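Engineer: Here it is: the structure, laid out below.
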Ligand code: PSU
Ligand code: MN
């Protein structure tokens, strides 16, 4: 892969071994409503800076992979009039060659961050194995990229719209270590616990950083690490509301396929919850950006 276009600020930080945190753009273009997405983009960058790291939001603009976006570029990514396409890792070559504007998922953000030399990445929810994957084969490329790309991904687990047990099994098969942050249960995005255990639990950012450093330094292979951080308690979604939205969302998107599935489900949650899910989504992604920054700081220490 040709080297992405890296902003001066990010390039300098990397050269000086200062902490950098990658952020994805699909959550902005396809995961949050217009207006709110731009506010969240700004808050995410602020959280990272306040924690002593440099934010590097990733997107493809005019066929060029960007690691670090200017304010004007963030405006562009967040404006629905620009209709950014959702780009997973396999779509990057097409986007480059055709000169497209696109938003990057966990898979493509991880790949581009790694290519730029950024090893820590914060997001909301990871893609995973969809319910019914036995028939549809719908398994997010996020899992495959995490298995082959040495980045730390900090997220709030995966949504219960997915088959969480199968997702965790696949992460085990593909040798991706999963750490629970202050929890022994894998989080389920809007809910703090999925009921499935995590293999490892860490209590502090320093501990998480020590695991990442040991994994990178002394374990053969090239997989990433998943650090699963539960949604802040005060934003955890009420269980009944959650279960209702989930049942309705799965029914409403039965005929949606491919890369449209995840955005359609998110849209349903946001509309049907009257915005509760948007507040939850923002709270957890900000919390993940903070934790990722703290780990990035430790890794540079
Ligand atoms: N899960 C969420 N919010 C999101 C996504 C997933 O709760 O915004 C986005 C991420 O960018 C993730 C992508 O990488 O969806 C996964 O899409 P798919 O299932 O099509 O691989
Ligand atoms: Mn899919």
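Note that Cβ sites are derived from N, Cα and C of the backbone, with glycine treated the same way.
Model, not experiment: these values are computed from the prediction.
OK, TrEMBL features for this one:
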ACT_SITE  24  active site, proton donor
BINDING   86, 106, 140, 141, 142  substrate binding site
BINDING   138  Mn(2+) binding site
ACT_SITE  159  active site, nucleophile
Engineer: Using CB atoms and a 10 A radius, I'd like the single residue among the recorded positions 86, 159 with the highest neighbour count.
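Structural biologist: That would be 159, with the most Cβ atoms nearby.
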Engineer: If you count Cβ atoms within 10 Å of the Cβ of residue 138 (Mn(2+) binding site), leaving out that atom itself, what do you get?
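Structural biologist: Around residue 138 (Mn(2+) binding site), other Cβ atoms within 10 Å: 19.
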Engineer: Just give me the nearest neighbour of residue 106 (substrate binding site) among the recorded positions 24, 138, 159, Cα to Cα.
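Structural biologist: The answer is 24.
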Engineer: Pairwise over 86, 106, 140, 141, 142, annotated as binding substrate, what's the top Cα to Cα distance to the nearest Å?
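Structural biologist: The widest Cα-Cα gap among those binding residues is 13 Å.
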Engineer: Filter the recorded positions 24, 138, 159 down to those whose C-alpha lies within 10 angstroms of the C-alpha of residue 86 (substrate binding site); answer none if the list is empty.
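Structural biologist: Those near residue 86 (substrate binding site) - Cα within 10 Å - do not exist; the answer is none.
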Engineer: Which one is closest to the residue listed as 'active site, proton donor' in space, judged by CA to CA distance, out of the recorded positions 138, 141, 142, 159?
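Structural biologist: Nearest in space to the residue listed as 'active site, proton donor', counting only the recorded positions, is 142.
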Engineer: Write down the Cα-Cα distance for residue 141 (substrate binding site) and residue 159 (active site, nucleophile), rounded and given in Å.
Structural biologist: 16
Engineer: Taking ligand 2 as the reference, state which of the recorded positions 24, 86, 141, 142, 159 have a Cβ closer than 6 Å to one of its atoms.
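Structural biologist: From 24, 86, 141, 142, 159, counting a Cβ under 6 Å from ligand 2 as near, there are none.
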Engineer: For residue 141 (substrate binding site), which residues of its chain lie six or more apart in sequence with Cβ-Cβ distance below 8 Å?
Structural biologist: 88, 89, 90, 105, 107, 127
Engineer: Taking DSSP three-state, what's residue 159 (active site, nucleophile) in: helix, strand or coil?
Structural biologist: coil
Engineer: 10 Å Cβ neighbour count around residue 106 (substrate binding site)?
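Structural biologist: That number is 28.
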